[in-house]
Ligand code: DMJ
């Protein structure tokens, strides 16, 4: 017997296939049968796994279909609305946005790449009529965004930056061309004739003629030995450079105009026109170049009405803006006006409080004149931040502020001298410049004056001179810089503008002291720093000078305050004191071949030791204030029409906008 044949393998498969009733009718049918055969060959587990994946894929497909379909519906709907909303003949360009509404227009601070995530829909549909609420919201949004963007900016800038030895250099988007004014507010032109300045000045009196003579002598030296350079070295008959921008020439422009030195002014103007170029690979100090160069150009523009100076000021202002590109919006001390790389000093990431808070008059005025808000925005952001910082003592501020954290550093040291002085001056002067409306500035100023009275005022022995000392961690020091002598003038100016009468009393008392700081020296010129005697029993004089502090840099502060005190009280003694000081300058600092020199020892009339340097502020400030002090005409640069920046450059007080 033959054993029964083994069952044909996969027999059921065959039978099932056939039972489908499909015949071989070409490759498709054959492939179907082959797939089915393979499927049946799989184990139950394998089939389940495959079925699960297939179900999953189908579900995913369904879900994404639903979402895409929704978007398409939305797009279709919006297009329909847009089609309805658009005017029949749409503008080719989007309507301009106001500068202050657009964070990308503010200070050159934000990364200047397009911020795609802020933009939705066509730009012309984003413009809405400004209303107060939306403006406030915008400001809040801008502020919030700035915080976020501050971090992003850091990242962004590291990508676009040449990193310096400080790790803090920023590659700017350097605008050498004046910014387009179309997108921003309208510029403000000066009146064709600056008030208080005649084309032909009234004939100067004898003392004013002496100032003109001093100016001419200084100018002769500069013209002969330093033309177009920053500073004259009168003894060696050469020059020194700081920024390489003709600093003395620019600082002196408005003085020449005020003194009526037309020929000299025209020659200097020609140099500005033909030679002054800011496209230079050079670091400038933000504060010093703002108060001297920007301030000087703006003032020259106002007095002369010559557009050249405004164009130069705008170009220069643009080149300073990268200094504000810091994590905290507190500007770096230095910026390269050719490359736009900004950085703090080599030894610290701090800036000086006086420096970052004494650029606002100039930046605000530049915005007003150009209609471009970015200058004002950048500078006022600093004011706002400093206002809300902790670490002050009854309105008195420390001397340093960190550009990364935005916080005060070196806490607990308070002075009205170097590194803090013009913070106080600019609180008052900005308030005046803006038409006395910005009450926060006024409040900060008033609080600071109270702080000065409470913590820094003392009287010396034996003559009871009122002076402003310093406070270091609760310890009082009877040290006073000559720089503090700006304060009597500032206090008097505030009183003139309606602040308490006791400010004027304090101004008078401090003026006497500053005069004595000059008078008690053998040369009649103040040293850089004095210490006051506090002990009644000693046989010391009131004013003491340490050997290291005996120098005089031809600084203006005493004569600056004398100008205010005379202008606002009419008392002749202030003119007489100024006259003494001018004579001392002539006697001890005048260099026969031209120019004046700072000296090393105000206590040695036989050998005052010339230092061979004429600072630009001698022409920009000292001689200008002396000339104005000797004038008896209160309308000459009236204190109701002008406010002087901290380098003595007069800028107009903003008139209230005309109604109707
Ligand atoms: C000037 O540049 C300015 O007056 C500044 O505020 C202080 N230092 C000098 C003059 O002393």
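Note that Cβ sites are derived from N, Cα and C of the backbone, with glycine treated the same way.
Predicted, not measured: the structure shown is a model, and the values here were computed from it.
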*Do you know which of 29-48, 49-68, 69-88 TrEMBL annotates as transmembrane segment?*
49-68
*Could you tell me which of the recorded positions 288, 485, 514, 528, 646 have their C-beta within a distance under 6 angstroms of some atom of ligand 1?*
646
_residue 421 (active site) to residue 288 (active site, proton donor) - Cα separation in whole Å_ = 14
*Out of 288, 528, 557, 646, point to the one nearest residue 485 (disulfide bond) in space (Cα versus Cα); all of them are recorded positions in the record.*
557
*All-chain count of other Cβ atoms within 10 Å of residue 528 (active site, proton donor)*: 20
*To the nearest whole angstrom, what is the C-alpha distance linking residue 557 (active site) and residue 514 (disulfide bond)?*
9
*Inter-residue Cα distance where the pair is residue 528 (active site, proton donor) and residue 514 (disulfide bond), in Å*: 12
*For residue 288 (active site, proton donor), which residues in the same chain are close in space, meaning a Cβ under 8 Å from its Cβ, but six or more apart along the sequence?*
242
